Amino acid sequence: MGIKAKHYLFSIAILTLGMGLGRFIYTGMMPLMFNEGIFDFQALSYIASSNYLGYLFGALLFSFALFHRSEKLKISLIVSVISTVLLLYLMSMTTNFMGVLIIRFLAGISSAAAIIFGSITVIKYFSSRLMTAAFFSGVGLGILVGNELVNILSFQQDSSLQIWFYAAILAAVIAGLIFVFYPKKEQSAISTSVYESAKQGQVQSLQHSEISWISLIILYGFAGYGYIITATYLPVIAQSLPASLVTSHLWSLVGIGAMISCYLWLFIEQKIGTLSALFWNLLTQSLFVLLSIFSDSLLLLIISALGLGGTFMGTTSLVMPLARRLSVPKTLNLVGLVTLTYGIGQILGPIATSVIETMTGSLLFATISGAVALLIASLMVLYEKRSRGFASA
């Protein structure tokens, strides 16, 4: 196997494990756990929020300089990888509500470590935007692989506890790939000239993409709330459809869309600029979320799944580099602040959904609230763009 292939496998494997399996396999597991009577809808929603809270806590914790010493980078990533495998295994050992809450909270912390230390590692060793896109596309691959694992094993009548166990085994295999393909020191300066030229082009285009840092913080919080409701409950929504081969694979379609989106929005950003790309990303994402309310139409749910997958990772890939470049007071860490508001949105989404579902007996109004949140975020981008005298989005 060539060096570049090993680098690609290493990059994509990190978030396939840390986010796709460690975080988002729970979405595919929710209907099964609900149907088994292990937890009711409210309990499952609180478990989801616990994971998002753990992710938020981890993202803030690992933003401290203490965790970013170069000599600690490898061990930090390795600990994240091992802990993800162990936490998936622990999910196969208990149905105690408090125990599951704690495990999923810790899994959220581990996922945050994977994306933070993984991204630093990929940028450090493979100074290539294509490799960075491959890294983020691992989220989609993990969603796809994890959900298909759930589908296959549930078809064989395996219980949710058994599926968590097999997920841990799969995670251990992926962890092995990460260990084997971890880059050597002598490989650390790959494609630097290519990266620098790409970086210069990106910076040049972003000189015309100014936005208030306060607005970015707020709109990213709306984005976090807006996508997470459908991203968490899509398999539950699909259960209202008659039995279909496609229905159980809707969450897999989100994964396929997420794999493509990391490359798609990089291309769009280069063509029309960051703010225009972000506006269209949030606006179309709002429409795809809204489509999920048509739970009696398989076609519209398929479009919703592919569209959601094709946009939500794109939001992150557009916002995070922008947050690194904006001018803010020296005492503020803008990346940390946007991560905070995005995380708060993700926590509030399942909680609000649980409350609304209890009051109305339906996910309709919760889903609409998510679409509205994304619409507000897109309009904030448009306002910022036009108020600063730029061309229309």
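The backbone N, Cα and C atoms fix where each Cβ goes, and this holds for glycine too.
As recorded in TrEMBL:
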DOMAIN    8-388  domain 'Major facilitator superfamily (MFS) profile'
TRANSMEM  7-26  transmembrane segment
TRANSMEM  46-66  transmembrane segment
TRANSMEM  73-91  transmembrane segment
TRANSMEM  97-123  transmembrane segment
TRANSMEM  130-151  transmembrane segment
TRANSMEM  163-182  transmembrane segment
TRANSMEM  213-238  transmembrane segment
TRANSMEM  250-268  transmembrane segment
TRANSMEM  275-294  transmembrane segment
TRANSMEM  300-322  transmembrane segment
TRANSMEM  334-356  transmembrane segment
TRANSMEM  362-383  transmembrane segment
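Among residues of the same chain six or more beyond the transmembrane segment (130-151), those with a C-beta under 8 A of the stretch's C-beta atoms are 7-8, 11-22, 24-25, 27-29, 32, 118-119, 122-123, 163, 166-167, 170, 248-249, 251-252, 254-263, 266, 309, 313, 316-317. With Cβ pairs under 8 Å as the measure, the transmembrane segment (334-356) is packed most heavily against 213-238, out of 46-66, 97-123, 213-238, 275-294, 300-322. Sequence-remote contacts of a segment are chain residues at least 6 beyond its ends whose Cβ falls under 8 Å from one of its Cβ atoms, and for the transmembrane segment (46-66) they are 23, 26, 30, 39, 76, 97, 100-102, 104-113, 116-117, 228, 232, 333, 335-336, 339-340, 343-344, 346-347, 349-351, 354. Looking just at the domain 'Major facilitator superfamily (MFS) profile' (8-388), the mean pLDDT is 87. The transmembrane segment (163-182) shares more Cβ pairs under 8 Å with 7-26 than with any other stretch in the list 7-26, 213-238, 275-294.
Across 213-238, 275-294, 300-322, 362-383, stretch 300-322 shows the highest tally of CB pairs under 8 A with the transmembrane segment (250-268). Among the stretches 275-294, 300-322, 362-383, the one making the largest number of Cβ pairs under 8 Å with the transmembrane segment (213-238) is 362-383.
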